[in-house]
Amino acid sequence: MLTTEKLVETLKLDLIAGEEGLSKPIKNADISRPGLEMAGYFSHYASDRIQLLGTTELSFYNLLPDKDRAGRMRKLCRPETPAIIVTRGLQPPEELVEAAKELNTPLIVAKDATTSLMSRLTTFLEHALAKTTSLHGVLVDVYGVGVLITGDSGIGKSETALELVKRGHRLVADDNVEIRQINKDELIGKPPKLIEHLLEIRGLGIINVMTLFGAGSILTEKRIRLNINLENWNKQKLYDRVGLNEETLSILDTEITKKTIPVRPGRNVAVIIEVAAMNYRLNIMGINTAEEFSERLNEEIIKNSHKSEE
């Protein structure tokens with residue numbers, strides 16, 4: 001759970017008042033600048049957000065009649081308000097300090113400019129409050145594409161990752177991948193701290209990839225864009241041989257491209273994954289070989305049908 005105390009420690013902010021409220025949870029990544037509230041309009045006050053007071057808000061506050069000031073500040077300090085932050089190192093109004101002390105609302109001062117602090121806060125909160133999950137698999141950076149390799153236990157995921165590392169690609173996580181959703185369409189994968197940089201090879205044991213292959217062979221985290229699912233070759237199953245069938249894998253409501261690769265002796269899975277990653281990059285650049293082939297095939301069929309009619 002993210003608390004105001006962790007926010008203060010991580011961003012190195014200065015607490016002025018409301019120390020007893022540091023244990024308040026932060027549940028909303030949005031940030032509010034209470035301009036209308038300063039004017040007395042609290043009907044739609046987003047009190048569960050962090051409140052940011054900059055030069056504009058405080059200069060307007062100084063124009064308020066003395067009789068209204070204390071009341072406005074008390075209304076800002078709701079029980080669910082995680083923090084009120086004054087930017088640019090400005091001096092908080094005395095009425096705000098008193099209200100924060102009395103109502104246990106953390107009052108914080110930051111030296112950053114308002115827009116700069118808002119950017120820092122947004123980045124921090126989006127990461128800290130992102131939805132998370134974990135998946136059994138291996139995450140590798142192949143030609144800049146985050147490839148999540150999945151499949152049944154013993155199918156050869158770790159061995160394939162080792163071959164990819166030897167070919168110059170970078171390991172992110174083996175066996176267990178911790179995934180968090182930053183945006184609606186952005187998934188970031190990283191390893192648990194316990195097994196960071198480690199790779200388990202059956203018959204060999206656990207190896208430290210960074211020690212063996214150097215710092216350039218590992219990454220601490222990577223955006224997941226492509227899923228390669230390995231499965232034992234099934235003669236009864238029809239596998240995609242053209243590339244027109246688009247499969248997807250849903251993780252935390254985010255869809256990523258999925259390719260199912262049948263595994264059998266003699267197939268170089270690492271090379272296939274390299275080609276899949278390069279082909280994915282071509283696809284997002286607007287080049288789809290499967291569609292081009294399909295169009296050429298259709299044109300040839302139409303041409304031949306016209307010849308037969310003649």
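In case you wondered, yes, glycine gets a Cβ from its N, Cα and C as well.
Record features, source Swiss-Prot:
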ACT_SITE  His136  active site
ACT_SITE  Lys157  active site
ACT_SITE  Asp175  active site, proton acceptor
ACT_SITE  Arg241  active site
BINDING   Gly151, Asp152, Ser153, Gly154, Ile155, Gly156, Lys157, Ser158  ATP binding site
BINDING   Ser158, Glu200  Mg(2+) binding site
REGION    262-267  region 'Important for the catalytic mechanism of dephosphorylation'
ATP site, defined by Gly151, Asp152, Ser153, Gly154, Ile155, Gly156, Lys157, Ser158: further same-chain residues with Cβ within 8 Å of the Cβ centre: Leu230
Conformational class of Gly151 (ATP binding site) under the three-state DSSP mapping: strand
His136, Lys157 as active-site residues, winner by CB count within 10 A: Lys157
Predicted model, mean pLDDT over the region 'Important for the catalytic mechanism of dephosphorylation' (262-267): 83
Distant-in-sequence Cβ neighbours of Ile155 (ATP binding site), under 8 Å, six or more positions away: Leu230, Glu231, Asn232, Val263
Least Cβ-crowded entry, counting other Cβ within 10 Å, from the binding-site residues listed as Gly151, Gly154, Gly156: Gly154
Rounded Cα separation (Å) that holds between Ser153 (ATP binding site) and Glu200 (Mg(2+) binding site): 12
